[in-house]
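Engineer: I am attaching a structure below and will ask some questions about it afterwards.
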Amino acid sequence: MSTTGQVIRCKAAILWKPGAPFSIEEVEVAPPKAKEVRIKVVATGLCGTEMKVLGSKHLDLLYPTILGHEGAGIVESIGEGVSTVKPGDKVITLFLPQCGECTSCLNSEGNFCIQFKQSETQLMSDGTSRFTCKGKSIYHFGNTSTFCEYTVIKEISVAKIDAVAPLEKVCLISCGFSTGFGAAINTAKVTPGSTCAVFGLGGVGSSVVMGCKAAGATRIIGVDVNKEKFKKARELGATECLNPQDLKKPIQEVLFDMTDAGIDFCFEAIGNLDVLAAALASCNESYGVCVVVGLLPASVQLKISGQLFFSGRSLKGSVFGGWKSRQHIPKLVADYMAKKLNLDPLITHTLNLDKINEAVELMKTGKCIRCILLL
């Protein structure tokens, strides 16, 4: 029986309040309105962004909410005016929209669509939610809310992909892989023969390693306090790995000693201000580039000596790896299907949605790179 135009009852993982575990609940998902798409979510990754939400009571979020932004699924129905996808299409959800009309979308170097700011309201464009549970409205998250069997997303936050793409794999292209890989390829523009250092070897950092290797870097140094991640990092392209806790000197001094002149391209893939300062200080004084990939706390001010920039170092931000979301994501999926990209090593665990709190523990203890949740 068709569900088009009907309210759908399904399972979702809800955060009822800050610091609480996920609660599996039955929710009601309303039909899509104009320019909206309702999607049957098939697979979604548990990203570091969600881990930061779970680990902080200070983020400016509204509760209760349905998290999740690294998703892939199948279009169930579409609202009035939707023209780029149809029911049955396989799609990837996009936390970063591409409206195609704002100055960032129209600039060849920009990808931070102005419509992203709509996500800060945690509601749809009309100021309402499409989710209810126990008679209570549930807030959206990151334009996507993929920790729900069905979700409603604006058309500009949906990318149609290859009809035979394995959704349990390519969901990583929705955030983690694209963010890290693109930070090396697009933002830093890593050059052949260069030296790179990646601070943080989780899902995003591991993807940075892959991007550095693809760009032709000859020396890729992974930095992490969890030695268990070193084997995987080397498999992905890291030539050396360091644990700062094992060193007798600060990591930036060690990296200078190892390279004589500092690192060409450094990447901070954790979201830690102290690590960012160390990464910047590790860069070659004259032309080194440090790229901020990790999600830094908005409430904390960055304090770095201006002397670090005097000689020529540069610090760059990167969102979604510099990709224009709707334009580039289908191409990345096509590259995966053509075996030009390999996402499989990043996926260390696969669990059902009702095991989401187990996935959280795996992430907290550093036992997984990426856990995929099946819905």
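Glycine residues also receive a Cβ, built from the backbone N, Cα and C atoms like all the rest.
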Engineer: Which one, ARG38, ARG130, ARG370, is listed by Swiss-Prot in the same NAD(+) site as GLY200, LEU201, GLY202, GLY203, VAL204, GLY205, ASP224, LYS229, VAL293, GLY294, LEU295?
Structural biologist: ARG370
Engineer: Need one residue: from CYS171, CYS175, CYS196, CYS212, the one Swiss-Prot lists with CYS47, HIS69 for Zn(2+) 1.
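Structural biologist: Looking through CYS171, CYS175, CYS196, CYS212, the residue Swiss-Prot assigns to the Zn(2+) 1 site is CYS175.
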Engineer: Have a look at the recorded positions SER23, CYS99, CYS175 and say which one has the shortest Cα distance to GLY200 (NAD(+) binding site).
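Structural biologist: That would be CYS175, the closest of SER23, CYS99, CYS175 to GLY200 (NAD(+) binding site).
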Engineer: Which one is closest to CYS99 (Zn(2+) 2 binding site) in space, judged by CA to CA distance, out of the binding-site residues CYS47, CYS175, GLY202, VAL293, LEU295?
Structural biologist: CYS175
Engineer: Nearest by CA distance to CYS175 (Zn(2+) 1 binding site): which of the binding-site residues is it, out of CYS105, GLY202, VAL204?
Structural biologist: VAL204
Engineer: Which residues of the same chain, at least 6 positions away in sequence, have a Cβ lying under 8 Å from the Cβ of HIS69 (Zn(2+) 1 binding site)?
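Structural biologist: Long-range Cβ contacts: CYS47, THR49, GLU50, THR93, PHE95, PHE141, GLY142, ASN143, THR144, SER145, THR146, SER174, CYS175.
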Engineer: My understanding is the cutoff is Cβ-Cβ under 8 Å with a sequence separation of 6 or more in the same chain; which residues meet that for CYS113 (Zn(2+) 2 binding site)?
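Structural biologist: In sequence order, the residues whose Cβ lies under 8 Å from that of CYS113 (Zn(2+) 2 binding site) (at least 6 apart) are LEU96, PRO97, GLN98, CYS99, CYS102, SER104, CYS105, ILE156, SER325.
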